[in-house]
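Structure first, then comments.
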């Protein structure tokens, strides 16, 4: 007996065929989309736009003065690759890396003062000397360091290594200013502090500040030291006046306290003027050192040229020249095709012109035969000095450019084939 048809197997086979065919059709369509987008240059333009967000071809540091709007614009360009999902996915992943670096760079730059409108990190240049942001709080810095450990790669490249170095500087400067403020606060809280003791403490702190290598940091500490010196002088004067009032001191004793305080304030003001001159010199030296350092970095590691960073567009000049060459080629073909027709016309005209000449020559021959049979008393006929040349068809080279080929007019051909006047006269005389 024949077994029944296994419909389940048939359905499974048909579904398999449909899936295979559908996958093949999809692959073909996807391949066509890939070829189309590659041919029109949209993928290449998007790739170059992403690459242009980096400082150079190493793709570690971001371009100088990069803005968030630039990244968003490139993201929109990549999202426009609707048909080529593979390239869009890859480029979006690259943009994710760019955004992560941009966020990290912005966070680090916000830790520092923007001196001369220059961030701590710009392009591949890390400023040689930086100064922590005056408004940065210790808690905010600690929170940033925690986020740094969570989100930054532990084995980062030179970009993240540079950021880590800047975060360390921010932490060190923060600790330095914290220790400085604590020392000043100790002086303010010392109820038995005298002017001489204050002067000695200020000199010790100044000597410690002079050991700092960073001119910006040194200038900031000296400036704060001068301000704190004057504040502590006021605290000492007020404390002495309060003690005098509690002791019911005489007006002369109080005046003496005031005079001593004013003398100390005048001396501090004079010292602060010198400190102000010194801090100005230090900041100028730091500015100059940063400028030289930035120039040296750019010489040793130049940025990507702007023309390479831009997305390339089709060359209009080249396309126009190609179009012109195609037009000239078409014109040459048309002219070469019309040349045989012109030559055929010339040959036809020449053959028509030969017929009257042959007839004229035949009449002349018969006349000569009749003269040979009977003696003639007339003078022999002399041939014309310039016999009419036979028209010939010469092959001429095909004209080039815009010059049109010229064909001889029919009237000239017929005119050249007429027998000379002398020959006609001789024939009629005979």
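If you go along the chain as it appears here, the first residue is 1 and each next one adds 1.
From the backbone N, Cα and C atoms, a Cβ is placed for every residue, glycine too.
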Range annotated as coiled coil in TrEMBL, from 124-169, 170-215: 170-215
Matching range for TrEMBL feature annotation, coiled coil, among 81-108, 221-248: 81-108
Long-range neighbours of the coiled coil (81-108), counting only residues six or more past its ends (CB under 8 A): 33-34, 36-37, 42-43, 46-47, 50, 53-54, 62, 66, 68, 71, 74-75, 120-121, 144, 147-148, 151-152, 159-160, 163, 166-167, 170
Long-range environment of the compositional bias 'Polar residues' (287-299) - Cβ separation under 8 angstroms, sequence gap at least 6: 115-116, 118, 124-125, 127-129, 215
Helix, strand and coil residues within the compositional bias 'Basic and acidic residues' (249-273) as assigned by DSSP: 23 helix, 0 strand, 2 coil
The coiled coil (81-108) [mean pLDDT, rounded to integer]: 90
